[in-house]
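Residues or ranges marked as transmembrane segment by TrEMBL: 80-103, 123-143, 150-169, 181-201, 213-232, 238-259, 327-351, 363-386, 393-414, 426-448, 460-480, 492-512. Sequence annotations record features per position, and here TrEMBL assigns domain 'Major facilitator superfamily (MFS) profile' to 85-516.
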Amino acid sequence: MSNSVPSEVYQSDALINKAYYDEAFIEAGGIEYEVPKEANSVKEEQYKVEAHCLIDQLQQEQEREGYKLRYIISLKNKRYFTILLAALASIGGMLLGLDMSTISGANLYMPQDIHLTSKQDSLVVSGAPLGAVFGAFIMPFTNELVGRKWAIIVACLFYTAGAILEAAAGDYGVMISGRLLVGAGVGLADGSVPCYVAECCPKSWRGRLNSLYQFNIALGEVFGYVVNAIFVDVSGNWRFMLGSSLLWSTILLLGMLGLPESPRWLMEKGKKVQSFVVWKHLRGFETDDSKLEFLFLERVISEERERSRHSKLIWLDFVRRPRCFKALVVGIAIEIFVQFSGTNGLVYYMSTLMEETGFTPEHAVYMSLVGGGALLLGTIYALFIVDRMGRRMVAIPNMIIIFLGVIWVGFSFLTPKANVKTMQGAYISGIIFYELGMGPFSVLSWVTPAEVFPTYLRSYGMMACDGAVFLFAWIITYNFTRMRNAMTSTGLFTGFYGGVALVGVIFCIIYFPETKGKTLEEIDELFQKGWSEIGRQNIKGIVKSCKDWMSSRKGSQRD
């Protein structure tokens, strides 16, 4: 239904923002109105003038204050500098990947050396995810108090201290302390890095740059398995395995000291001049899109600051505001599907499971590289499609692959024990298939929470999602052996993990929204819609894609 819109409707900044970016359509009261082109053109010019005035005003204030960026790293090419910023910050993912794979190899030798009981061993392996829950809990307070950049630096300090304790541990107490500190660093970094990258990068490649975090997790896993293989025959091998991550935490610490703070965080704290200077260095003001995005950023954050000023408990907006509640549900749902479809159980116990299928401990360490390599390949694939084809094209096909892969792994354990080679082949091929799907899908566990929350709640939203992912990881890791003993390996993988993956397929098809190509402020508008409307649009999109595919197939057959 199309109608002409009264002139006063154009006074709404939110509607104009949507009208400008969504190709001349706005939505009010559930009815779509067509925006007259001449009115839209006038309003667009008005916003360009306002953006120019804001930029001139802040430029004058900068010159008056004499404010300059105080950091070491600098590149004239803004695109390269943004890529460098995302690449350096995303080394935080390397720390998580290294911990997951090195503890897998170390666990073959470490329990005997420091005389751990079975229960103590389970706590040591799951200690990092448990510590990460604490890291996630302090993440919003650290982010809001000192900023995204310094929160990542604090995470490096936690991780470094923990890795030193792990490598030097002589008993259970020192080892569990080190594991908890490492986990606290991982939990703090895993919420802060995606948030930092999302707030610094342009919308056209924000998803790809945020995907670097998952890429570094996968790369860290592969490096960890390589480190395990290098030190497997060395005396005190597990100490070198666990201590190797100190190299990467040091690189991340030094790199972050040379990077600027997030311009959106600076704007949120009322530091407009600093935000302007960082934006000028990261994005520049050469294009109208960049100028308009900075204008809308300033307006939206100003409104959010005003709202939060009148609310003492702003985190209650997750319950009070349906828009925020929907974002929370989507963010945590992705974490549920990643963790409860078995990823951490497989990774943390990769070498142990390999050994149970007939490999020697040494060969189990080497063969673990196969799973890590498949995860890395899947993640690389996601880097190329997450911004080009969209988040839903990453979510739906790969959730289906995860479902089929976990069923495959589960049924591999039904192979007769006498056929060791057959069991090993079935298990390894299932792991490869599963990890090829998990690599791309895991990208969304960092991209999605970093995008879907409004700026004033982004730290709290990341805390909730970050805390959830590590709490779920701890539950899965700590109870992995118990669940496998109670359900059998086949029952755990096909029944429990497979069941969760199937629910994930259904959720992604119906309720997972598309955020590709939208600014963080436009995504705020997307979540104003109701669940039924989001589901209806998603189904329409799938039907349209199927029709387009069928039409192209028929056309190619006629040709």
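Backbone N, Cα and C atoms are what each Cβ position is placed from, and that goes for glycine too.
Bear in mind that TrEMBL entries carry predicted annotations, made automatically and left uncurated.
What's the neighbourhood like for these features in this structure?
Away from its own ends, the transmembrane segment (363-386) comes close to residues 101, 104-105, 108, 207-208, 211-212, 214-215, 217-219, 221-222, 224-226, 228-229, 232, 346-347, 350-352, 354-355, 393-394, 398, 428, 431-440, 442-443, 447, 516 of its chain (Cβ-Cβ under 8 Å, at least six residues beyond either end).
For the transmembrane segment (426-448), same-chain residues at least 6 beyond its ends with a Cβ under 8 Å from one of its own Cβ atoms are 93, 190, 193-194, 198, 207, 210-211, 213-215, 217-218, 330-331, 334-335, 337-338, 341-343, 346, 353, 357, 367, 370-372, 374-383, 385-386, 391, 394-395, 397-402, 404-406, 408-413, 415, 465, 469, 515.
Long-range Cβ contacts of the transmembrane segment (492-512) within its own chain (Cβ-Cβ under 8 Å, at least 6 residues beyond either end) map to 330, 333-334, 336-337, 340-342, 345, 391-392, 395-396, 399-400, 402-403, 406-407, 409-411, 413, 483-484, 531, 534-535, 538-539, 542.
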Cβ pairs under 8 Å only, please: of the recorded stretches 181-201, 238-259, 393-414, which one is richest in them relative to the transmembrane segment (460-480)?
181-201
Determine which recorded stretch among 123-143, 213-232, 238-259, 327-351, 393-414 has the most C-beta pairs below 8 angstroms with the transmembrane segment (150-169).
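Ranked by Cβ pairs under 8 Å, first place goes to 238-259.
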